[in-house]
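Chemist: Handing you a structure now.
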Amino acid sequence: MNPNQKIITIGSVSLTIATICFLMQIAILVTTVTLHFKQYECDSPANNQVMPCEPIIIERNITEIVYLTNTTIEKEICPKLVEYRNWSKPQCKITGFAPFSKDNSIRLSAGGDIWVTREPYVSCDPGRCYQFALGQGTTLDNKHSNDTIHDRTPHRTLLMNELGVPFHLGTRQVCIAWSSSSCHDGKAWLHVCVTGYDKNATASFIYDGRLVDSIGSWSKNILRTQESECVCINGTCTVVMTDGSASERADTKVLFIEEGKIVHISPLSGSAQHVEECSCYPRYPGVRCVCRDNWKGSNRPVVDINVKDYSIASSYVCSGLVGDTPRKNDRYSSSYCRNPNNEKGNHGVKGWAFDDGNDVWMGRTISDESRSGYETFKVIGGWSTPNSKLQINRQVIVDSDNRSGYSGIFSVEGKSCINRCFYVELIRGREQETRVWWTSNSIVVFCGTSGTYGTGSWPDGADINLMPI
């Protein structure tokens, strides 16, 4: 082979090898692109809302004859569908309640800028829980806190923080309100915010941070709502609202709301005589509320809401150990499921109860005359048997020497069941504690447990003598 032939042969072999290497690199590139765009793709309906993807870095070391290729690609997790909550899981079986959260707002107010509040409550989105309260437009160590015992002023706003975070100066003011309710439908928050003159108030419906609808007072006598969470099932949220006398017959309606828009209004029906400040919970496929009768009964009204056909039924908790304050001594109190018991019915306090088969779990003040102490227990047959009084699993939440206040329920969806939780408002200041001029609160929160538990007392704990006047 002459020199020219050798050169041509070597050149041909080199060109062939180079071509093979080039084709291999193209194959590697095609494989990488295919993995990125096809291996991890997810099909989802076009009309479903999706959550932002979280990036994950995957490294692949591919060794070939000629090159070592270190390829880094960024992969998107398949989009997580955001769906309406349907609350179809069963209720958790519990033995009692365990401590969950306490915000210590009053104690912290002795040395920090903490809002003056009342009417607190708790509600959760699918990921975490939040505490709400109606602020008085002032911090505690501020002369504007004088005379904040009054319920309805134009300065009151709905405050919202992550559960356990006191209402500090950086707290978000969600809306203007002296009465409110909030709930999350699985996609966004709904806030119902009532404000204005007593004789012509307005309820604003704020969904996903935007005002969507409103309704004016229909009886011109302090339009008001739950002061605890509303409930949304398959995109329809229900809220109970009352307008009218606090000590005689009033006009109660249930509003059905979809993404902030009122789609239906149903009047109260059934045997309940007076309904205010309902504590509501999902009872699939409907919503159940236990409320306050401020006119005739110290037994609590029950309102059952059918989300599908907008029908309403009402009655009273059957337990003869009644839940309102003031009330008769347990030896003399009564309830027969259908009607108010006409026992110290005038006045009352927001509270809660929930059914557990034929039984009922409930919370109430320990004192039968004042908002002092707090206890929970289960009444066997208390949901279905008239005047049932067999009490078990009693727990003291706040001892009888300390003040309590409003209380209410909220629900938390777990992997296999829906847990019931409650909060207790711990009121401090006026009227009882006249050394100071303000009225405010902290909260303590418990949740249902299937485990064992101990004993204790969880009062507000602030020394009034150390507090700003």
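Each Cβ is built from the backbone N, Cα and C atoms, and glycine gets one as well.
Straight out of Swiss-Prot:
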- 10-30: transmembrane segment (TRANSMEM)
- 11-33: region 'Involved in apical transport and lipid raft association' (REGION)
- Asn61: N-linked glycosylation site (CARBOHYD)
- Asn70: N-linked glycosylation site (CARBOHYD)
- Asn86: N-linked glycosylation site (CARBOHYD)
- 91-469: region 'Head of neuraminidase' (REGION)
- Cys92-Cys417: disulfide bond (DISULFID)
- Arg118, Arg152, Glu276, Glu277, Arg292, Arg371: substrate binding site (BINDING)
- Cys124-Cys129: disulfide bond (DISULFID)
- Asn146: N-linked glycosylation site (CARBOHYD)
- Asp151: active site, proton donor/acceptor (ACT_SITE)
- Cys183-Cys230: disulfide bond (DISULFID)
- Asn200: N-linked glycosylation site (CARBOHYD)
- Cys232-Cys237: disulfide bond (DISULFID)
- Asn234: N-linked glycosylation site (CARBOHYD)
- Cys278-Cys291: disulfide bond (DISULFID)
- Cys280-Cys289: disulfide bond (DISULFID)
- Cys318-Cys337: disulfide bond (DISULFID)
- Asn402: N-linked glycosylation site (CARBOHYD)
- Cys421-Cys447: disulfide bond (DISULFID)
Chemist: Between C-alpha atoms, which of these recorded positions comes nearest to Asp151 (active site, proton donor/acceptor): Cys129, Asn234, Cys280, Cys291, Asn402?
Modeler: Cys291
Chemist: So if I draw a 10 Å sphere around the Cβ of Cys289 (disulfide bond), how many other Cβ atoms end up inside it?
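Modeler: The answer is 29.
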Chemist: Counting across all protein chains shown, how many other Cβ atoms sit within 10 Å of the Cβ of Cys318 (disulfide bond)?
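Modeler: Summing over all protein chains shown, Cys318 (disulfide bond) has 23 other Cβ atoms within 10 Å.
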Chemist: Among the glycosylation sites listed here (Asn86, Asn200), identify the one with the smallest other-Cβ count within 10 Å.
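Modeler: Among the glycosylation sites Asn86, Asn200, the lowest count of other Cβ atoms within 10 Å belongs to Asn200.
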Chemist: Where the distance is taken from Cα to Cα, which of the binding-site residues Arg152, Glu276, Arg371 turns out closest to Asn402 (N-linked glycosylation site)?
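Modeler: Closest by Cα distance to Asn402 (N-linked glycosylation site) among the binding-site residues Arg152, Glu276, Arg371: Arg371.
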Chemist: Averaging the per-residue pLDDT over the region 'Head of neuraminidase' (91-469), what integer do you get?
Modeler: 97
Chemist: Greatest CA-CA distance (Å) over the residues Arg118, Arg152, Glu276, Glu277, Arg292, Arg371 that the record ties to substrate?
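Modeler: Greatest Cα-Cα span of the listed binding residues: 21 Å.
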Chemist: Of all the disulfide-bonded residues given, Cys92, Cys278, which has the fewest Cβ neighbours within 10 Å once its own Cβ is left out?
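Modeler: Ranked by other Cβ atoms within 10 Å, the disulfide-bonded residues Cys92, Cys278 bottom out at Cys92.
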Chemist: Across all protein chains in the structure, which of the binding-site residues Arg118, Arg292, Arg371 has the highest Cβ count within 10 Å?
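Modeler: Result of the Cβ crowding comparison: Arg292.
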Chemist: Going by DSSP, give the three-state secondary structure for Cys232 (disulfide bond).
Modeler: strand
